[in-house]
Amino acid sequence: MYLIAPSILSADFARLGEEVVNVIAAGADWIHFDVMDNHYVPNLTIGPLVCEAIRPLTRAPIDVHLMVKPVDRIVPDFARAGANIITFHPEASEHVDRTLALIRESGCQPGLVFNPATPLDYLDHVMDKLDIILLMSVNPGFGGQKFIPSTLAKLAAARARIDAYEQDSGRRIRLEVDGGVKVDNIAAIARAGADTFVAGSAVFGAGSDSDRHRYNSILATLRGQLEKP
């Protein structure tokens, strides 16, 4: 099953609660948080207090992508704030295995994030500890960037690893993609192997603020593309 996770990085922060409620009502599956520290990436965004404020507004899973270093300090804070999924970059942890264990012990589903130039080799050692793998299709730090085409081959390679692991273990791992996902490329991204799609500007930037149904329209269009053979 395909899942769409709009990133609040592209939402109207003056109306953030309303934006989240509306996009979930329109059919979004998850809410994606891009957490940046102006250290690991050159931007500063949101912390656990925003997650805590949003949590009572929706039952939808909150998918927290940590672009912070060090990462372990902030994991329990987001877990207590209501996160369901927490992913991080292996370069941001001194001990990847320990950080994955910390996320699960905190009650969240753990995952690893791979930058465009980060090899997938880390997966050789931690597949049994992952619930999700997130591939960045842009260099992290800012919303609204263009999809990097070489991500398609990397998605296919990650999908092959996941399928082989699932066949041996019977355990499901989701394959998420983040960056430049649009109406005109989401079908190709799905064919390459992704099953979960972060879409920020494509969703929150769609249509006009005066259109009460703009999120319904864009989410229906994205799903329509995913249904194409």
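Here the Cβ of each residue, glycine as well, is placed from N, Cα and C on the backbone.
The substrate binding site annotation in TrEMBL covers Ser7, His65, Gly141, Phe142, Gly143, Gly144, Asp178, Gly179, Gly180, Gly200, Ser201. For His65 (divalent metal cation binding site), other Cβ atoms within 10 Å of its Cβ number 26.
Taken from TrEMBL, the feature divalent metal cation binding site applies to His32, Asp34, His65, Asp178. Its Cβ placed at the centre, His32 (divalent metal cation binding site) has 27 other Cβ atoms within 10 Å.
Cβ neighbour count for Asp34 (divalent metal cation binding site): 24 (other Cβ atoms within 10 Å of its Cβ, all protein chains included). According to TrEMBL, the active site, proton acceptor annotation covers Asp34.
The feature active site, proton donor is assigned by TrEMBL to Asp178. Cβ neighbour count for Asp178 (substrate binding site): 26 (other Cβ atoms within 10 Å of its Cβ, all protein chains included). Following the DSSP three-state reduction, the secondary structure of Asp178 (substrate binding site) is strand.
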Return one of helix, strand or coil for Gly141 (substrate binding site), based on DSSP. coil
Taking DSSP three-state, what's Ser201 (substrate binding site) in: helix, strand or coil? helix
Whole-number answer please: how many Å between the C-alpha atoms of Asp34 (divalent metal cation binding site) and Ser7 (substrate binding site)? 7
Setting His32, Asp34, His65, Asp178 aside, what same-chain residues sit with their Cβ within 8 Å of the center of the Cβ atoms that define the divalent metal cation site, listed in sequence order? Ala5, Ser7, Leu9, Phe33, Asp63, Thr87, Leu134, Val198, Gly200
Do me a favour and check the Cα-Cα span between His32 (divalent metal cation binding site) and Asp178 (substrate binding site); whole Å is fine. 10
One should report the C-alpha separation between Ser7 (substrate binding site) and His65 (divalent metal cation binding site), rounded to whole angstrom, as 10
